[in-house]
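Below is one structure; the comments refer to it alone.
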Amino acid sequence: MHKLIIKYNKQLKMLNLRDGKTYTISEDERADITLKSLGEVIHLEQNNQGTWQANHTSINKVLVRKGDLDDITLQLYTEADYASFAYPSIQDTMTIGPNAYDDMVIQSLMNAIIIKDFQSIQESQYVRIVHDKNTDVYINYELQEQLTNKAYIGDHIYVEGIWLEVQADGLNVLSQNTVASSLIRLTQEMPHAQADDYNTYHRSPRIIHREPTDDIKIERPPQPIQKNNTVIWRSIIPPLVMIALTVVIFLVRPIGIYILMMIGMSSVTIVFGITTYFSEKKKYNKDVEKREKDYKDYLDNKSKEINKAIKAQRFSLNYHYPTVAEIKDIVETKAPRIYEKTSHHHDFLHYKLGIANVEKSFKLDYQEEEFNQRRDELFDDAKELYEFYTDVEQAPLINDLNHGPIAYIGARHLILEELEKMLIQLSIFHSYHDLEFLFVTREDEVETLKWARWLPHMTLRGQNIRGFVYNQRTRDQILTSIYSMIKERIQAVRERSKSNEQIIFTPQLVFVITDMSLIIDHVILEYVNQDLSEYGISLIFVEDVIESLPEHVDTIIDIKSRTEGELITKEKELVQLKFTPENIDNVDKEYIARRLANLIHVEHLKNAIPDSITFLEMYNVKEVDQLDVVNRWRQNETYKTMAVPLGVRGKDDILSLNLHEKAHGPHGLVAGTTGSGKSEIIQSYILSLAINFHPHEVAFLLIDYKGGGMANLFKDLVHLVGTITNLDGDEAMRALTSIKAELRKRQRLFGEHDVNHINQYHKLFKEGIATEPMPHLFIISDEFAELKSEQPDFMKELVSTARIGRSLGIHLILATQKPSGVVDDQIWSNSKFKLALKVQDRQDSNEILKTPDAADITLPGRAYLQVGNNEIYELFQSAWSGATYDIEGDKLEVEDKTIYMINDYGQLQAINKDLSGLEDEETKENQTELEAVIDHIESITTRLEIEEVKRPWLPPLPENVYQEDLVETDFRKLWSDDAKEVELTLGLKDVPEEQYQGPMVLQLKKAGHIALIGSPGYGRTTFLHNIIFDVARHHRPDQAHMYLFDFGTNGLMPVTDIPHVADYFTVDQEDKIAKAIRIFNDEIDRRKKILSQYRVTSISEYRKLTGETIPHVFILIDNFDAVKDSPFQEVFENMMIKMTREGLALDMQVTLTASRANAMKTPMYINMKTRIAMFLYDKSEVSNVVGQQKFAVKDVVGRALLSSDDNVSFHIGQPFKHDETKSYNDQINDEVSAMTEFYKGETPSDIPMMPDEIKYEDYRESLSLPDIVANGALPIGLDYEGVTLQKIKLTEPAMISSENPREIAHIAEIMMKEIDILNEKYAICIADSSGEFKAYRHQVANFAEEREDIKAIHQLMIEDLKQREMDGPFEKDSLYIINDFKTFIDCTYIPEDDVKKLITKGPELGLNILFVGIHKELIDAYDKQIDVARKMINQFSIGIRISDQQFFKFRFIQREPVIKENEAYMVANQAYQKIRWFK
């Protein structure tokens, strides 16, 4: 190992260099070493000889580089540069310098430094460093300004190339120069940095010292020796009596030798009797002695055997339940006994209470005689031996947490100490994978247990929180989750109860409750009052007295004092066993916990399946270039094998998945619950196939029902030929149609090349015989359970299609989170391979694998591969393609330098950073390996110019389609003199049956009139905009005229300025619409006459024949529904029926929109040849529009369905693309302006309409009104029909009538506007009895208002007429204005003949007469003069409704509007027209 010191611009850093690693030094915070203002990036790495280099320059002890602000000094230290010296033992000051008298001599130093106060370092934990002002001293890599500084144990000191480390017993030194010293050297080895796996811990095989269990039997003593109770005199007396009788007989009757014989025999009998007696007595005594000796030897041996067994038991107990002091040694030495107990061991959850006389582990058998009259001391000896070994004295007393709740009673501080001992014991011997603790305790007791926070067992990993509940917040945060966990475990047991299968829950939870008040009102109380042992939960209660304990407690422990405790009951049985608790006063509990906290328990060996492996690691490369994709594409052939790496079984043991039909394929299932890595394994497989096979050999069609997440990842992959996301019913059918179309296409190509299998076709394609690429198509559904639930018919058809498509190269991979109830027999039988990751329960595992194994998987990415009927069944770790892609040395590794504080709950809390990341100068997202590989493949595809495969699945129609993407939209290029047939590009159509998407084009001749039916807000107006601009861009304004009827919400108003638009109508413009109807009817008649005249059938034929330009007429109606109930409904509908019936041949076309089909009358609707349905709230209405359809119209703005044989679906185009710099209306205005500027020809005329107000002065110049007056006419206003000038010819008699004098006065004003011109031409005489012309009395030749004056006017008229009759016309004509004709007659009594003469002859002779009067007065008068004048005059202005006047008999006008101010009717030649007088 090497250490590198980097110095630059008063910045000092140290780096521990590890062989094989690379490091970066720069000013970037993400670098391994950050130096401010460095100005360059330095890469550190080893060359092939192991020499460390900085940017390819070797570092030989010291390397100096030029920096922006200062030299960069790199000092490399090796083990040879290391030394360690003890502090001087006598003095309290030492020096380090270049001088011979220094305690530590280093020649390279310029000045000495002084180390002081090291004798008291054990108490103070620091020494003092003294140096002069010329010496730079760094402590912990910070330059010190003071001359005296403290350096604590573990601190690093740097002085002029010398590195020092302060230790409690001395100094560690790194120096490239020789260090000479008389101080004691402590070690010569440089302390190595801990290996990456230093803290990893693996269980060793456990050594179990079993307690003796063999029975020891103490046999009863043998039966006592039976003593011969015969007395000696019984053997002697009979012979003696015989001798005595013989002597008596001899004395009475001597019998010779016979007596001798009798006496001899008797004597012998006596001798033998005496000897026999003493012989038997001696034997008896010997037998008794032997019996006693043998049995006592037996008891002695038994005693030894029992004692040995007791010692073995005591040893076993002491070994497996050591003292806490011994436990400290176990942890300190990282002994293999740590975590030795598992849930499968007999002593799982066993711990020591203290020292007591415990029951023997073996049975001592002895049967005492029930009754014996004689006392046998040997029986007493055996009984004494039996009773002596009743217990094992001073042995550990063991308790366990497996058999119901336990409780501690006594003083709380004593109980807490016992719980601490239990914590230590269980934590040392049980892994935190198997055991966790949860303490519910009082807040004031948390400090006592604070040391336990270091124990990994105190972290509840399922909740990511420390297992301490001591207040309301922690209660709510933890207990609710624990409640849910208990509930789940109870449910799991109930589900397994039918199978009689035992469940072992992991981890076991030890639930310690020292304060019931925290859970008394929590829902978890219902479970706390039960025995939860069956569910992997051990309950421990703490109370002061036994009366406070819950009734379901099985084991009770009474802690009486620190030296006395009692096990009262055990498993509900009374025990009353006293014990002595262990004293742990001198044990550092936190030290044990901290040492244990450093260990990372790895349950599986590293040379087995790795926990994770990245995609590139699986391929054993670091950079995507090393994948050698091009060669793989060139060498791999799908017809031989399709095996690609998917994961690893172990180190360097690749597992491949081969979906060749004769291997693992072609179809399969993937199952895995949320977080199992299901999507990731599919991603890795897709990526692996893409790396190994050319896009012409392998392609993917992704069905991602969850929403397109996976589809987005592969959108740039050339192998991806389609994605299906978020399917509704119609999209499902569309997808199925596309897939079936692909099958038909493949079958057609197979038939063309006389092959019947994809492998044969691929071989022909490789040989160049077949030219169209046809890759294996992998249809992959990421969540088919939901798809099957929502679209069962689609799923059924998909599986069936895949089955049919086996030989066509179709592969189906179905993935699901929960296979239970989803994988039916059809899916199972068609799936040869199964990949099972972590599933929710055993039922799911059985469903996919027919074994429960997958339910036991815990790691993401871990999976079982099953092929066929267990032909292959392997566990492996799948590759993870989501890892960050980084090329060593190419860019800086991003390091999270956030500082976290571990809070009271054991959770990480950032304390130095704004978590938003917005404060960073640059927020950059790292590229994943998947993205890097896809980018690499994309670059290869571009470089090799690989032709894309025809896509079997085209994406769903976009939600925005633009006209410019479908057809040329530059009108400058499209306008021409040649009249073209009209083609309308409506949008983008989708034809899945033909695997085609393209412009939706209608030829107007064939399409006829168009009706679009759709709900409001779904793009009806946009549809019309699209047509308007499509027509306008392809035809000049003189070739296409448009009439826009906007009966909606003024949606057509923005396009009214297009030069092609003749006029624009709204629903409230009744007069204008009525006028348009008349114009359309006239135009129809005019065009029909043309056809008849030239004997052609259509206007297009007329154009070809004559070359004349007759424009196409487009009538576009938005929201035809508004026609109903409108005042003009009948006439408008009649006109539309006529237009739709006759207009097509006349090049007059109708396009309309409506919200329902019955908005039109049946005859009109029948004439609408092209019908289009958009989204309709009433689904049945779609059928009314387009008939029976395969696909419904999606609830998408702009989506439509065209009535045709196949009912083509399309999306309506928009005239302009969205531009953030311009609004839609601005874009319209820009194009309209461009058209207007570009086009210089004639534009269509609008419908002439009467302005709301017409002032004489406004029209005086434009209409040359003075000239008209000079030519003998009075301009009075405009007519409503043509909005043309209306005038009264003064050369003809005229009559003007109105309803009231006020309007007569206004008429007088208009008539006299050009009085000066009139005076020049006429001699004006006015008879004004009512005074309306009074203002002009001084401006005319004669003016009369009085009766006599009026008579004079009458005489003047007659004389003037006579004179003209005699002399002929005068140079100056006369103009007589008779205002109030009725009064004039009454005053003058003018005869009828005079009236006739004035009307008939006056104009010929230059005498012009104008009658003015109130209409009612003229009608009500019975004067014949008025009737004569009315009948003879042909010029009238009548200021009342035609229906109300009585001058003429006209046809009654229904709903004739009231005459407004300044309005009137001009009547001439028995015809009338409505006019408005000038103001």
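Cβ coordinates come from backbone N, Cα and C, glycine included.
Sequence annotations record features per position, and here Swiss-Prot assigns topological domain 'Cytoplasmic' to 1-229, 280-1479. Positions annotated as transmembrane segment by Swiss-Prot, on the basis of sequence analysis: 230-252, 257-279. Residues or ranges marked as topological domain 'Extracellular' by Swiss-Prot on the basis of similarity to another entry: 253-256. Here Swiss-Prot flags 652-846 as domain 'FtsK 1'. Residues annotated as ATP binding site in Swiss-Prot: 672-679, 1014-1021. Look at Swiss-Prot and you will find 997-1183 tagged as domain 'FtsK 2'.
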DSSP on Thr674 (ATP binding site), three-state: which is it?
-> coil
Apart from its near flanks, which chain residues at least 6 from the ends of the transmembrane segment (257-279) lie with a Cβ under 8 angstroms of it?
-> 230, 232, 235-236, 238-240, 242-243, 246-247, 249-250
Tell me which residues of the chain lie with their Cβ under 8 angstroms from that of Ser676 (ATP binding site), as long as they are six or more apart in sequence?
-> Leu837, Lys838, Val839, Ile857, Pro860, Gly861
Return the residues near Lys678 (ATP binding site), defined as same-chain residues 6+ apart in sequence whose C-beta is under 8 angstroms from its C-beta, sorted by sequence, else 'none'.
-> Val670, Ala671, Gly672, Asp782, Ala815, Gln817, Leu837
Looking only at the domain 'FtsK 2' (997-1183), report the model's average pLDDT.
-> 93
Lowest 10 Å Cβ neighbour count of the binding-site residues Gly672, Gly1014, Pro1016 is held by Pro1016
Which three-state DSSP class does Pro1016 (ATP binding site) fall into?
-> coil
Out of Thr674, Tyr1018, Arg1020, give me whichever of these binding-site residues has the highest number of other Cβ atoms within 10 Å.
-> Arg1020
